[in-house]
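As written in TrEMBL, here are the features:
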type     : residues : note
COMPBIAS : 311-325  : compositional bias 'Basic and acidic residues'
COMPBIAS : 326-340  : compositional bias 'Acidic residues'
REGION   : 309-345  : region 'Disordered'
TRANSMEM : 35-55    : transmembrane segment
TRANSMEM : 79-101   : transmembrane segment
TRANSMEM : 113-131  : transmembrane segment
TRANSMEM : 143-170  : transmembrane segment
TRANSMEM : 182-205  : transmembrane segment
TRANSMEM : 217-235  : transmembrane segment
TRANSMEM : 242-262  : transmembrane segment
TRANSMEM : 282-300  : transmembrane segment
TRANSMEM : 359-379  : transmembrane segment
TRANSMEM : 399-422  : transmembrane segment
Amino acid sequence: CLGSCLGSCCASMCCSVVSRMCGWSNKQSDKYSKLPYGILIFLTVLVALVLKNFHQDFGISMYGMSVQVCGESCQGDQAVYRITLAMTIFFAAHAFFVLVLPYQMAWEIHARCFGVKLLIYAGIVASMFFIEKKSASEFAEASRIISLVFLIFQIMVIIDYAYTLHFWMIDRDEDRVKNWEYANLAISGVLICGCISADALLFHWFTEDDNCSIEKFVLSLTIIVPTLFTFASCTDFIPHGALFPSTCVSSYITYLAWTAMISNDNDSCNATVTDKETTWELAIGIVIAAISITFTTWNASSTSTQLFGRQEGEAGADRKLLDPSDEKDEDDQDDQDDQNSENYQVSDELAAKRKQDALIFHILMTFASMYACMLLTSWSTNNYGSGHKERYRSNESFWVKVASQWVVMILYIWTLIAPILFPDRDFS
């Protein structure tokens, strides 16, 4: 009972902070209506990380009588399961109501009524601490599968956004704003230098032992493959290729290599493992992890609505959205639409577009909540026989991240060669 009260208090803390954004977001255009959800994810992930790492310091039973069979070592992950399950239910309910209700009510649920919704969310979080351990573990198993699907979407979004940002800078350059050409080259140069430095550090930290053949193989691919497609994208063999998208993807590949290496449970090939970790180091790590997970889940979900909602003939829409003048015009239009929406005078076309965008957003946020569960628990390996540090490293987590890196390589190479292999098709 005390554990459920603790979870409810944590959720209430999230609610009180997010609810302060409600009045502000209600007055803004529809693109700002998603911001409180991002804040909610950050605070929820932060609470989950705190309970995962410090639940034993509260000196209370976390989950009531039904979970007493779970020992002290697994209660941290059980806290994450319950909190992320509550977040999953919260966004799934949003998706359901947006789907079945008419536009006027659906938009109210999506963009307004945050105070009421957050009180309901606090109740959902509290109720999750009374469910059986088996149910929470089954949710973790389902999350493992769904997270793989979401991971593919995330990779597609990152590659698409790299191209979008590049073409936007190119369009600005065509408007004779030469500074953007220099910015394109400067950012590319910084990313290349960063990748080279990071690769050197990765080899130094994770391949010192003679038994690190797998790690050496993964890091070798991290260097060789991006180098090849970066050079190829700058040649006449790939006329549609460009340096900037290649360096962005290379940086992401290097980042995935780093996350895989630090997740490796082979101590002899992981120089970052230490015997002791201070409270401050752990606290800083929790905050960084919360920011990283929040950005990954929320940004992928928000951007994916454009990826799924893009219609034929709108290949350049994302570039226009990045143009300041176009953005200002759109803001003016949004303000006018908001004024009309107060009197329920929204056109059918705009209503359908908004409803589709909200539906896709909440579906992806549901997947993102399950993905956060996996990130917070190292893909839910349930390896509780070892110490605190080992619970953050696992062979499963290592290979998921390595596989993600390889998928990024394959998908990006496909974007380079597909127009050559199928010249009659439009890949814009």
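Each position is counted from 1, following the chain as shown.
The backbone N, Cα and C atoms fix where each Cβ goes, glycine too.
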Do we see three or more Cβ pairs under 8 Å linking the transmembrane segment (242-262) and the transmembrane segment (399-422), pairs being at least 6 apart in sequence?
yes
Quick one: do the transmembrane segment (399-422) and the transmembrane segment (182-205) reach 3+ CB pairs under 8 Å, ignoring pairs fewer than 6 apart in sequence?
no
Do the transmembrane segment (359-379) and the transmembrane segment (113-131) share at least 3 Cβ pairs closer than 8 Å, excluding pairs fewer than 6 residues apart in sequence?
no
Against the transmembrane segment (113-131), which of these stretches has the most C-beta pairs under 8 Å: 35-55, 143-170, 217-235?
35-55
